[in-house]
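Undergrad: OK, Swiss-Prot features for this one:
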type	residues	note
TRANSMEM	8-28	transmembrane segment
TRANSMEM	58-78	transmembrane segment
TRANSMEM	81-101	transmembrane segment
ACT_SITE	ASP116	active site
TRANSMEM	126-146	transmembrane segment
ACT_SITE	ASP132	active site
Amino acid sequence: MTTRTLRFYALVGFLVFLDQVTKYLAHAYLARDFIVIPNLFRLTLAKNSGAAFSFGTGFSWLFFLLGIIALIFIGWFLPRTTGSIVFLALLQGGIAGNVFDRLFKPPYFGNGEVVDFLNTPLLSGVVFNIADLFILAGVFGTFLFLKGSK
């Protein structure tokens with residue numbers, strides 16, 4: 001395994017750890033909404049069986065399967081790319097964090113619900129988590145990187 005690959009998986013591991021710690025803290029301490037910035041940002045505990053930003057609620061098993069496929073694809077793609085691994089690590093870490101929830105959170109094994117807790121009225125009541133932000137940053141960054149390399 002190359003140093004680059006080790007760095008990639010170390011970053012992915014750190015991102016998954018960060019995601020799981022924030023979800024644990026939200027689940028343990030958010031009994032009710034906590035307003036961080038009035039009318040702009042609050043912490044709201046929610047369970048989500050859909051994808052990022054509550055899209056596709058009720059299809060947890062499908063997003064679990066798509067997550068596994070994406071993790072395998074990124075793992076396959078990593079050695080074939082010469083670009084920055086940061087965006088791929090953000091993508092991999094975010095997907096892995098949410099796949100972990102679907103696997104190990106009730107009702108378990110592919111049907112689990114993802115813990116969401118970040119809420120802003122700017123997104124019309126959508127509640128999301130750190131992993132969703134990692135995924136969004138990874139997709140956006142990868143797109144910009146690929147566009148810039150052409």
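Positions of Cβ are set from backbone N, Cα and C atoms, glycine also.
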Undergrad: Write down the Cα-Cα distance for ASP116 (active site) and ASP132 (active site), rounded and given in Å.
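TA: Just about 9 Å between their Cα atoms.
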Undergrad: Using Cβ atoms and a strict cutoff of less than 8 Å, what residues sit near the transmembrane segment (8-28) while being 6 or more residues removed from its termini?
TA: 43, 45, 78, 85-86, 88-90, 92-94, 96-97, 100-101, 115, 117, 129-131, 134
Undergrad: Mind giving me a neighbour count for ASP132 (active site)? Other Cβ atoms within 10 Å of its Cβ, every protein chain shown.
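TA: Result for ASP132 (active site): 24 other Cβ atoms within 10 Å.
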Undergrad: Would you identify the secondary structure of ASP132 (active site) according to DSSP, in three states?
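TA: Note: ASP132 (active site) is helical by DSSP.
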Undergrad: Validating a neighbour-count step here. Other CB atoms within 10 A of the CB of ASP116 (active site): how many?
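TA: Looking across every protein chain shown, the total is 26.
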